[in-house]
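All remarks here apply to the structure that follows.
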There are 2 protein chains.
Amino acid sequence: MRHDKSLPLGAKIGILGDGQLGRMLSQAASRLGFKVVVFGPDAESPAASVSALSKVARYTDLEALDKFAAQCDVVTFEFENIPVASLEHLIAGGARVAPNARALGITQDRVSEKSFARSVGIRTVDFHEVNSLDDLKAGVARLGVPSLLKTRREGYDGKGQVWIRDVADIDAAYASLGGRSAILEAKADFVREVSVIAARGFGGEVKTYPIGENHHVGGILSTTLAPAYVSESLRANAVEIATRVLEGLDYVGVLGVELFVLSDDSLLLNEIAPRVHNTGHWTQDGCLCDQFEQHIRAVAGWPLGDTEARFQVEMTNLLGPDVLAWESLSAEAGARLYVYGKDEPREGRKMGHINRIKGRV
Amino acid sequence: MRHDKSLPLGAKIGILGDGQLGRMLSQAASRLGFKVVVFGPDAESPAASVSALSKVARYTDLEALDKFAAQCDVVTFEFENIPVASLEHLIAGGARVAPNARALGITQDRVSEKSFARSVGIRTVDFHEVNSLDDLKAGVARLGVPSLLKTRREGYDGKGQVWIRDVADIDAAYASLGGRSAILEAKADFVREVSVIAARGFGGEVKTYPIGENHHVGGILSTTLAPAYVSESLRANAVEIATRVLEGLDYVGVLGVELFVLSDDSLLLNEIAPRVHNTGHWTQDGCLCDQFEQHIRAVAGWPLGDTEARFQVEMTNLLGPDVLAWESLSAEAGARLYVYGKDEPREGRKMGHINRIKGRV
């Protein structure tokens, strides 16, 4: 089904952001015959080094953004902290941009993200908006301890977060914000963390991948096992949540929805990532159309691809020095290694991942 | 198993040749964290557009080759018509080059290729060296008609070949050579065409992929089905042939061996391609380690990867305007589309391919 939005072979896809997600998006786009232009701050980035063209500039450099957009048939992003104003500037200038700026804006802010989720009937942890020390005190009084204080914006992999375990922690926790507005979240009594990677095309069609179960270590994703062992009702519930998010945001592209599984098997939304997601890397070896190709298909107006799982895969992140074990990792049978081409294996830095085939589905 | 030849993460791999094979080699190298430098005549080539660096020059430009080699930790090639002198120049300058220059030289020349094969106990069609009209007449007298006159060097996809169906064709056939030296080949009475893709590492380890059955149309590969339905003895025979070729050439990297299957299930060597091969594209979706990654592993001194087939795949080349059907091709379930990023879909030009999953293995 062609529609007006279908980009032809050889069209140029612009990617805002130059990390490993941009790298894998670029490779998927090339495989489909598109040319890729990467926009980001680093000339020798993981994404720029596998792309036809790159524009090295800051995300707030409107002149550079205009030149970039002039080269592209569609602009997308791999990084959720692109300034919304930059995206709006591109759109005002006539660029085709997907996902849309509203979706980016909502998911950049933890309060608006949860408020949006609730507005479309998705349960979230209880939360309290924090703009002052008094707000925080009121929040702790309402939500109890332990509760989790997070900056409203930015912060990932556990950064910008602090647990309040006692009322006595409040002042120090508030001070740690350095004046940034924040959100206080009730502790979710979850037994597992799962995620669903889902895509929506320009025509409104939705496809979801099988559910992944995620394990974090020190706030950073360590492994995803997918398809996870989940009940049919959990699966259906997760798909329903993802669909409501996609439709509520009028989203075009791939996103990741992180969910907490409670002891009664019900789900709470944890976070929406308006981009391809680390918990979707397993699709590279579990499915014929991985999340990266799926995103490119969606933003290019191509038909969405096959999301059926062919294998159960365990994805393990290679953080910091983990990647230095490439000799043994590359010698494993039944596994596929991905290295992002970053120079310094700093502690906690995502340097690559390995997908291990656990079995047939 | 590390050995002296193992390149570290982030090492630079130079590829001579900038077509679709270089493109897919480059993508595989990037996936393993290597940086790729492409050397070829075209700035916007399929390979250069997905690679970190490129050098635009002719393969005979020794100065450009020296600059290229200075950037690379290993140099390999995707194109069998790189001048052997250029490879020898790089080696003399201290570059690490794989496969070696002798392997390239032998396989560039149809007479030396067949003579080599025979020297290591591999059967080939009967042939006659043609350096003059008298040679050709003697050859036709010896081999009979029909017989196939080919230039000794270059020519692929049926180019540079002419069938001699009658003694009366001899003069015209000879004239068509334009003075190039040639080989006259007896007609092989084959019932099927198969190929084996095989790899050899620096340490001498050999791995082979399952056998593919190939169908050509108009001298150009149309489809490969792999793993093919072949007897165990045929499979073992093909593996033995590939191993003799790899060892006889002291080869490091991936090569393709095209074989004719005779009515008694025995095999005749048709051609050796000293590079990744179109009949190995099915491995991208049939195996965890495809031929491109395997070649990169071999030349980088990494352990060879898993060649077990997980799926039976039918690879179909998209020649010329075939690729314009991308809308329906990309909408197929159970298939994966590869487009090479070439601009003009000229008749017979390899523009992409599609791998269709036929079933589990």
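Cβ atoms here come from the backbone N, Cα and C positions, even for glycine.
As written in TrEMBL, here are the features:
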BINDING   B:R110, B:K150, B:G155, B:Y156, B:D157, B:G158, B:K159, B:G160, B:Q161, B:E193, B:H216, B:N270, B:E271  ATP binding site
DOMAIN    B:114-300  domain 'ATP-grasp'
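Neighbours of B:Q161 (ATP binding site), defined as other CB atoms within 10 A of its CB across all chains, total 17. Using a CB-CB cutoff of under 8 Å against chain A, none of the binding-site residues from B:G155, B:K159, B:H216, B:E271 qualifies. Residue with the densest Cβ environment among the binding-site residues B:R110, B:G155, B:K159, B:H216, B:E271: B:R110, by other Cβ atoms within 10 Å.
This prediction places the mean pLDDT of the domain 'ATP-grasp' (B:114-300) at 96. Under the DSSP three-state reduction, B:K159 (ATP binding site) is assigned to coil, being neither helix nor strand.
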